[in-house]
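A.B. asks: Copied straight from TrEMBL:
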type     : residues : note
DOMAIN   : 39-440   : domain 'Amino acid transporter transmembrane'
TRANSMEM : 67-88    : transmembrane segment
TRANSMEM : 131-154  : transmembrane segment
TRANSMEM : 160-178  : transmembrane segment
TRANSMEM : 190-212  : transmembrane segment
TRANSMEM : 232-251  : transmembrane segment
TRANSMEM : 272-292  : transmembrane segment
TRANSMEM : 312-336  : transmembrane segment
TRANSMEM : 364-384  : transmembrane segment
TRANSMEM : 390-412  : transmembrane segment
TRANSMEM : 419-443  : transmembrane segment
Amino acid sequence: MGTLQQPVSAAQAYEREAAKEEAHNHHQDAGALFVLKSKGSWVHCGYHLTTSIVAPPLLSLPYAFTFLGWTAGILCLVIGALVTFYSYNLISLVLEHHAELGHRHLRFRDMANDILGPNWGRYFVGPAQFIVCYGAVVACTLLGGQCMKSIYLLSNPNGSMKLFEFVVIFGCFMLILAQIPSFHSLRHINLVSLVLCLAYSACATAASIYIGNSSKGPKKDYSLQGDNESRIFGIFNAIAIIATTYGNGIIPETQATLAPPVKGKMFKGLCVCYMVIMVTFFNVAISGYWAFGNQSEGLIYTNFLEDGKPLVPKWFIFMINIFTILQLSAVAVVYLQPTNEVLERTFADPSSKEFSSRNVIPRVIARSLSVVVSTTIAAMLPFFGDISAVIGAFGFMPLDFILPMVFFNVTFKPSKRSLIFWLNVIISVVFSALSIIAAIAAIRQISLDAKNYRLFANV
């Protein structure tokens, strides 16, 4: 007699997924096993995404507006939000598709290996992602040092401490945070970081409106400055700043923290993240540019001081800088994860326990060294802002604006007559061109500023 097929309950389906995952874990390397643990919920995923995207670089959005003006500035912000939300969802769909087929990708370069072929992962995606993420760690360390220095100079205007000393202090703080074992274990820190980014964005918006309404601020002038050449390059520089602000570069690693089954969870996480983006990016960019016009500085906080004298109460500037320093440390730790994963894969033994001395000792040494190197780079090159524009053009743009479309078209092979096929092709082509031009604009900016560069300069 034929046996009737029992309907599969949700619990059984979950157990099967978990069993598949378990079987998969036995073949995993130490990096995937220890750093990219799949235990999180969609809410945790939202925290991780928010920390990696909504970071202090958003404080330079009013500066990007100085090259674009009102209309183009707001248009670029909206396009950036739409394109990245779309492309992160595409990556997530491709990852879900592969997870359903039984091989779940936990890393960007694994996706590239599988979809485009091994050389793509090894020679392009792997290195590009490493440079983007490590560059982000260096930039956070430098910015943390600059925020500390501004607190110090406010409380002690004739102080003799140099910028690199503050960078080293921030680096020491990072040394401790870098030892947090896995990406999933950052979830509580990233919740705090989400609250912090809302806090300093609200403070920056409030301060801009306060100064803009008082007689203390500069005369509002929204005209674009400079000759034609510098205006054109300025536009591409601004586009690179906005692309870098929306950039992420670690979507697959973030999705790897989700417990199976992963279907639909990433979309909810992205919705959490983009709600925060709407509140922070637009408020800071519009209020900052409204208050300071084309005088907006690379970091909007600089506008709150005039000749070293604060235009808002002193305690307010202390508070906003402390919020920023704390969130910078969370952002830096998130961007250390791909580096940690590579170190773990190289030095750890997957057959030993995660906290056995065989794994803990190499982990502490390797991670500490990676933080020491990033802190040294930040202290030596205080003009790293210019370099990060190049990193944004070569790294963030391909990883976030181009590859997701390519992955989707290669994986799902939509018909060449379909709208989605052509939409993806157009986005990839436009952003490839933008990425090349933005890289040229960023390199031009470096050559213009090079005469002011000094190692360990006290900027």
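Here the Cβ of each residue, glycine as well, is placed from N, Cα and C on the backbone.
The shown structure was predicted, so the numbers you read here are calculated from the model rather than taken from an experiment.
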A.B. asks: The transmembrane segment (190-212): which same-chain residues, six or more beyond its ends, come within Cβ distance under 8 Å?
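C.D. replies: Distant Cβ neighbours of the transmembrane segment (190-212) are 44, 46-48, 50-51, 54-56, 58-59, 62, 220, 276, 279-280, 283-284, 287-288, 290-292, 300-301, 303-304, 311-312, 316, 319-320, 323-324, 326-327, 330-331, 334.
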A.B. asks: Please figure out which one of 131-154, 232-251, 272-292 racks up the most CB pairs under 8 Å against the transmembrane segment (160-178).
C.D. replies: 131-154
A.B. asks: Quickly jot the same-chain residues contacting the transmembrane segment (312-336) by Cβ under 8 Å, restricted to those at least six beyond its ends, or write none.
C.D. replies: 48, 51-52, 55-56, 59, 133-134, 136-137, 140-141, 143-144, 147-148, 150-151, 154-155, 170, 173-174, 177-178, 180, 183, 186, 189-190, 192-193, 196-197, 199-200, 203-204, 207, 210-211, 250, 301, 304-305, 367, 370-371
A.B. asks: Do we see three or more Cβ pairs under 8 Å linking the transmembrane segment (131-154) and the transmembrane segment (419-443), pairs being at least 6 apart in sequence?
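C.D. replies: Between the transmembrane segment (131-154) and the transmembrane segment (419-443), contact is absent.
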A.B. asks: Which residues of the same chain, at least 6 past either end of the transmembrane segment (272-292), have a Cβ under 8 Å from a Cβ in it?
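C.D. replies: 42-43, 46-47, 49-50, 53-54, 58-59, 61-62, 64-66, 70, 73-74, 77, 81, 85, 194, 197-198, 201-202, 204-205, 208-209, 211-212, 217-218, 220, 222, 245-246, 300, 303.
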